[in-house]
Amino acid sequence: FNMESDSFEDFWKGEDLSNYSYSSTLPPFLLDAAPCEPESLEINKYFVVIIYALVFLLSLLGNSLVMLVILYSRVGRSVTDVYLLNLALADLLFALTLPIWAASKVNGWIFGTFLCKVVSLLKEVNFYSGILLLACISVDRYLAIVHATRTLTQKRYLVKFICLSIWGLSLLLALPVLLFRRTVYSSNVSPACYEDMGNNTANWRMLLRILPQSFGFIVPLLIMLFCYGFTLRTLFKAHMGQKHRAMRVIFAVVLIFLLCWLPYNLVLLADTLMRTQVIQETCERRNHIDRALDATEILGILHSCLNPLIYAFIGQKFRHGLLKILAIHGLISKDSLPKDSRPSFVGSSSGHTSTTL
């Protein structure tokens, strides 16, 4: 998931790029950029800034509330609660980088190489960890509902190990960003936070595009489809009081995941094929790809503020947990608390079959 602060592809007018001799004034790793006249994107830039700001605020509020409720619910905290706590942290940390990326959309990258590396690393780590945690949640729901038994992941030390492993793997996958990203300066182009890999940029870019699409989308998607597919089949066969509600939540999980990430990954694949000259690059195609990347990237960013809605606000237990916190601090009357309010807002994964997320 590469959120590039500026587009370098278009500098001069032209249609067929096959015979073009690229300007030597550009950095070596930008020589694969298409010499096209960029379309006016000033309105789009400010529109993106507004979207980033809204997502930042919603994600900050939503994920903070999720973390607050889970941390308060020490008694009866389930495996899924632990995953959701880490997921909320990942989305929250990702959201904290949005103001910097928003500023770079307007002014270019003015924050220097050190912050370029740090912010890019933080963004990538939390992107990978968020997606991998979603897959872990689907596995936990699969084990709890389909097998309806106490799983090995119920052991606290193992759950902590899984979460630490996810963060470690995410850091490992994000290391190329830390190594190769720097502030890029070029004539007539705003400075940007971009990968500098020397003369092998095209080959490295292909590898760095395959990694996030594989580990950040395809593999988690296959895991989610497998787990939720069998979970739905079990719910169809079973006669559970909350079956229909659980089905709506599961459908929402898969649907929102697809809506947010499938368009971006498809466009990213087309962009990779064009940059590596598998598909011939023209100015018209480049402009179409750039616009599509900007639009679908916003969908991916929106996912960070939708997670609290999908995994928490739909469930009654989250609302009960939040009401408990408000009652403890005297903000509401304890009489207004539901009688069946429980500490865990996603359901336990041990001893019984939970049908809510």
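Please read every residue number as a count from 1 along the shown chain.
Quick reminder: no glycine exception, Cβ is built from N, Cα and C everywhere.
Pulled from Swiss-Prot:
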- 1-45: topological domain 'Extracellular' (TOPO_DOM)
- Asn19: N-linked glycosylation site (CARBOHYD)
- 46-72: transmembrane segment (TRANSMEM)
- 73-81: topological domain 'Cytoplasmic' (TOPO_DOM)
- 82-102: transmembrane segment (TRANSMEM)
- 103-117: topological domain 'Extracellular' (TOPO_DOM)
- Cys116-Cys193: disulfide bond (DISULFID)
- 118-139: transmembrane segment (TRANSMEM)
- 140-160: topological domain 'Cytoplasmic' (TOPO_DOM)
- 161-180: transmembrane segment (TRANSMEM)
- 181-205: topological domain 'Extracellular' (TOPO_DOM)
- 206-228: transmembrane segment (TRANSMEM)
- 229-248: topological domain 'Cytoplasmic' (TOPO_DOM)
- 249-270: transmembrane segment (TRANSMEM)
- 271-291: topological domain 'Extracellular' (TOPO_DOM)
- 292-312: transmembrane segment (TRANSMEM)
- 313-357: topological domain 'Cytoplasmic' (TOPO_DOM)
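At the 8 Å Cβ cutoff, the transmembrane segment (161-180) and the transmembrane segment (292-312) share fewer than 3 close pairs (sequence separation 6 or more) and do not count as touching. For the topological domain 'Cytoplasmic' (73-81), the model's average pLDDT works out to 76. Proximity of distant same-chain residues to the topological domain 'Extracellular' (103-117), defined by a Cβ-Cβ separation under 8 Å and at least 6 residues beyond the stretch ends, is recorded for 5-6, 45-46, 48-49, 52, 177-178, 181-184, 190-193. Remark: the transmembrane segment (206-228) contacts the transmembrane segment (118-139), by the rule of 3 or more CB pairs under 8 A. Between the transmembrane segment (82-102) and the stretches 46-72, 118-139, 292-312, the greatest number of Cβ pairs separated by less than 8 Å involves 46-72. For the topological domain 'Cytoplasmic' (73-81), residue counts in helix, strand and coil come to 3 helix, 0 strand, 6 coil, using DSSP. Secondary structure at Cys116 (disulfide bond), taken from DSSP and collapsed to helix, strand or coil, is helix.
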